[in-house]
Structure formats: structure tokens, C-alpha cells
């Protein structure tokens, strides 16, 4: 008899007929799939170290009972077969999720049924046609276009192929559970095939490397992405390293290579951020410093050796990570050669800081929190404009307007008061106020961008960064003050033209500083000249000891020179290679300066990460300045520094996207991760998308009157 729609057929011990009612979600207990097709009581398959329960389910689409030699053979091999009427086939397949679907070619429109089944199946399913006899090759090809990939006859006894497919399908269906676990683990995992092409990475890998999964899979393994991984060597199965574990997975004629990021359990936690790693948004590639490549190779080698050689390599890496890479170490002759020691101190070292413990910013503020200086008198408008100066959304351009272009002195004294700069320098509020007014007066008000307001903006950003607890714990008090002062003077007397322009026009400053960081050297040199001249009465350093002054000056010079965009990647690499945990006191001092270099750099290029309105207005200001430089270069027949900034052709949004891609994104991704200020990178990416949307609508006519 014909079974009603959705009915099922089951057999109790042999070839007799029988029936039972089936609800859509009932699943019978399956038997083991075996290559020979014989029945067995074993219901599980071993898949590596995993035990997989065998579920061999099939749907037979027919208008009859389906009773046949083929159906009996499938049942004998452990298959649970559901008889389905053509109109019910799609819903049955959707609810049962069978491994195979058999379609009786006598039913109407078998090709359409096959297509419908394929469309609703969430798993790979084997679709097979059944007929009384073999069909022609022409019809096979026609059915193949409907995803019917195999044909059998009703009297077929050999079900070996179906058993084999069932076994593989059950293994494949066990994999999503493994992928789900891998995606939830905190350890980064990368799987490569025998050709070292990436097959899989998990979410933690994205977080560790900053690379997007979809852009990594299918690509060759890359040291650019994975700097600390040990290389596979010969038939060695496992290698240890401080960061990653390498596992070689053999499979017959195929091999896979797995790299797993270790959890830090050794107590030797170190931060080795790598500038070569792409951020989640930045896919323009990294710029690798040679010293970074050397450190990477040493980390690779250190993972392959144990004992004393491994420690020697680690010591070498520590030395190579220092800033004064080519300066000789005094330790080699301190006790053995008094003359050599004095030559070193007098001619090479020049200044040598005392070895006392320096207070961190956190310690300093804890001790001074009860101290309050005398409040300055400011207008109500200025006071209101300064109200949220410790917030990232602070509007410095509004302060510029209400203070009549005295934003630097106004925000400067507010910031200096909060950071107790007078206490550190041992000077009065009046003296510090005269100093900042003198500095402000030597900025060029005619510059649309490089003016005192830009300095005020960088000073406010520097203060904001220092406020982050994750930054403050690593920065000593004197470096924090140096960073604030450096931010205030970092573009002092800027002519509104870049270093390349000064070189091409043979300006006296270019000659003086031998074409090296011309403006940056000039800014900090002039700042100290103005401060130390005797008749100006603005020497805020007069009460510092000789040693304190040397340290303060050294830090300020270092931080201002770090703003030279031509050395951007050099300073970024230094920051990425910084080791911040379990370090000696001397290294803590070095780290403090490195962090301050980085935060002043980020403050200097922070406009793309500001609230959109400020971001856009600052962009127009810098572009306007570049427009004028380009015009002057063309009028004088000079080499054009940046051809893209021709007012007649420039697409401003494209230039802003380019700057973010080239400089801002990588710097902010790295620093904000360290400072735990991820919202700044989010703002930068939001601004980037806004600029990107504007690119197609921008015309040169927009380039007039950018700054109103």
C-alpha cells in the first residue's frame, strides 16, 4: 500500500514489512557504518582522538512503498530510511537533515525536487536517483545539473559507497563543535596546509595579530603577521617558545601545521608589540625596521634551544632592544680602567642621570592631591570654554575664538596647574605664566594650522593621555612635566612650510641643522634660547639642579624630535619593542621616556581621532597650509613636495584617508591599546568612513574658502 504523506518505514529484524508512525523530529538509533555494508552493533566511529556517533539517515522520495532490494540493503547496513511523498520531501529533508536523499525517477519532476532539497538542506547531502534500470549518459548529465550526482537501480545490493559517504559526512558534521570551541578560546590558533597556506585562524588570532580572518585564510603564512612563531623543522613534532606553540599534524600523504598562542604562565610577561602587524582596519601593509627583523629571528632561534644558549639569546635581545644601540657599555671597563671610564664620561656619555628611584605620575599626584594653587582670573566665556579641558571632546577651536587666539596660554596654565608643574620645577605661577605667554607669542598667527592653537590642542591631548591610569603607572613625574612642556613648544616659530621646502630653498635653518629634522631641532632649540636668556625673566628651570635640568632638557628634546614625521616608523618600532613588566629601575626610566615620545607623537597627529566637527575643521586648516606651500613651490620652480595638494585638483577626503592609512591608524591602534583608550581608535575609524563617503562627491570647487 502507498504510505501517507510523511510516513516512515522501519523493519524489525529482516525483510518483512512493517510500519510505525513518525513525528518530524524522531531519530532512530543508528548502527555502525562499515565499508562492507554488513550490519554491526558498533554505533561509533573513531575520528582521531574523537569518538563520533554514527547517524546514517536517508530520505526516499517516492509515491510507492519503496520496498526493494536497495532499501533492504540500506537497512541491513544500519541506515534509517524515511519514506517521503514528493509534496512532503522538502519539509522532511529540512527537519531530518539526512546524509542521503534517494529520488524515484517515476515521481513527477524529479529534477525540481532535487533542486528544492538542495536549497533547504543546511548540510551537504548526497542526492541519488533510482530507476528500474540504468539510465543513459545523456540523462545522467541532465540530472547532474539538478545536483543529482549518482544513480542506482532498485535491485542494487552494493551500498558500500553510501556507507563510505555516511562515515565521512558524520565526521564532517562533528567539526563545527571543534570550530566553536576554537573560536571561544583565548589562545590564538593558526592552521596551515603542507604548502604553508593558511587554512584556518580563530578569533583570538585576529585579536593577537590585528589581521582579519577573511583576508588571512588562503594566503601563505607570513612572518609579517606572526613574528614570534617558531619555524617547523624536519619531523620534530613540538617546539616550545615563550609566546607560541608549534604543532605538526601528520595525515598520511598530507601534513598540517598548527601555531597556537600560549597563555602567559611563566611570569616573564613582556610586551612585544610589532609595528608590522596590520590593524583590523589597516590593510596597507607594515613597514619593518631592520632591528625588528633581527629581534624576530632571535626569538625564532630562542624557541629552538634550551638552557644557557636560550638565556644568552634572551640577554642579546634585551641589549638590542635598547635605544642607544651603538653606544659602548661602560660596564666593560668601569672597574678595570679609570682613564677609559673618564674618557667615556667626558666625551661619549656627556650626561649621566643619577640612579635614584623616580616617582611615577600616580605617586606624585597621590602626594599632592591636597595642594591647590591660586586660581587665575579669566573671563566667564573662557572659564566656560575650559570647563571640560580634561575630556577628549574638548573644543580647542571654540577656546581660540573666545580667548582672542590665546588658547595656548589659557589651556596651558589650566593644565600646568592640574599637573602641579610649578611644584616640579620649583617656580612660581607668575613665572610659568610669563613663560607660556612668551612661547605663545613666538608662534605664527598667520599660519592656518601650525600656530599656537595647534600647540594648545597637542598640549590638551598630551594631558589627556597622561591621565590614563594605564599610561600614568609607567611614566615618572619629571617625564610627564617634560611631555607637557614639549607639547607646548613642539612647533614653536613654525614657518608654515615643511622640511623639504626649507631644504629645496636652502634656508639657513636647513644649513644649520644639516637637513636633519630641521624644524623639530629649531622648535626645541628656540624654546630653550627664549627660556634661558637672562633679560627675559622667563627661566622656569632656574631652580632645578644641574642634573635635574639636564634630564628635563634631554627629555624635552627627545620628545620634540619624535614629532618629525619622517621618523614616525622608527619611534613606532621602539614603542612596539618595549618591555614593560618585571624590569630594572633603569629600564623603567627608559620606558617612561619611550611612552612619552609616543604619546606626544600621537597628540601631534590626533586630529583624525577627534570628534568629527573638529576633525574636519583641523583637516581644512592643514590642507590650506599645504595648498599655499604647493602654490609657492610651483611659482618658484621648486620640486613640488606633495603634488596631491594642488588646490586645482585636490580631493581633500582622499588625502585624509591616505594620512590615516599611512600614519594615524597604526599609531593610534598601538598606543590606544596600551593606554586602554580604544574609543579613540573607534572615533578615528568613524571619521575615516565619513571621509571615504565624501570622496566621490568632492570637486576642486570645494577647495576654495576651506578656512573661514
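Using N, Cα and C of the backbone, Cβ positions are placed for all residues, glycine too.
Please treat TrEMBL annotations as automatic predictions, because they have not gone through curation.
Copied from TrEMBL, the annotated features are:
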type	residues	note
COMPBIAS	1-11	compositional bias 'Low complexity'
DOMAIN	174-219	domain 'PAS'
DOMAIN	374-698	domain 'PDEase'
BINDING	450, 451, 452, 453, 454, 491, 604, 656	AMP binding site
ACT_SITE	450	active site, proton donor
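Ranked by how many other Cβ atoms sit within 10 Å of their Cβ, the binding-site residues 451, 453, 656 place 451 at the bottom. Max Cα-Cα distance over the annotated AMP binders (450, 451, 452, 453, 454, 491, 604, 656) is 22 Å.
Long-range neighbours of residue 452 (AMP binding site) (same chain, six or more residues apart, CB within less than 8 Å of its CB): 405, 406, 407, 408, 440, 443, 445. Using a 10 Å Cβ-Cβ cutoff, residue 450 (AMP binding site) registers 23 neighbours. When pLDDT values are averaged over the domain 'PAS' (174-219), the model yields 80. Across the domain 'PAS' (174-219), DSSP helix (H, G, I), strand (E, B) and coil residues number 22 helix, 9 strand, 15 coil.
Within the same chain, residues at least six positions away from residue 604 (AMP binding site) with a Cβ under 8 Å of its Cβ are 458, 487, 490, 563.
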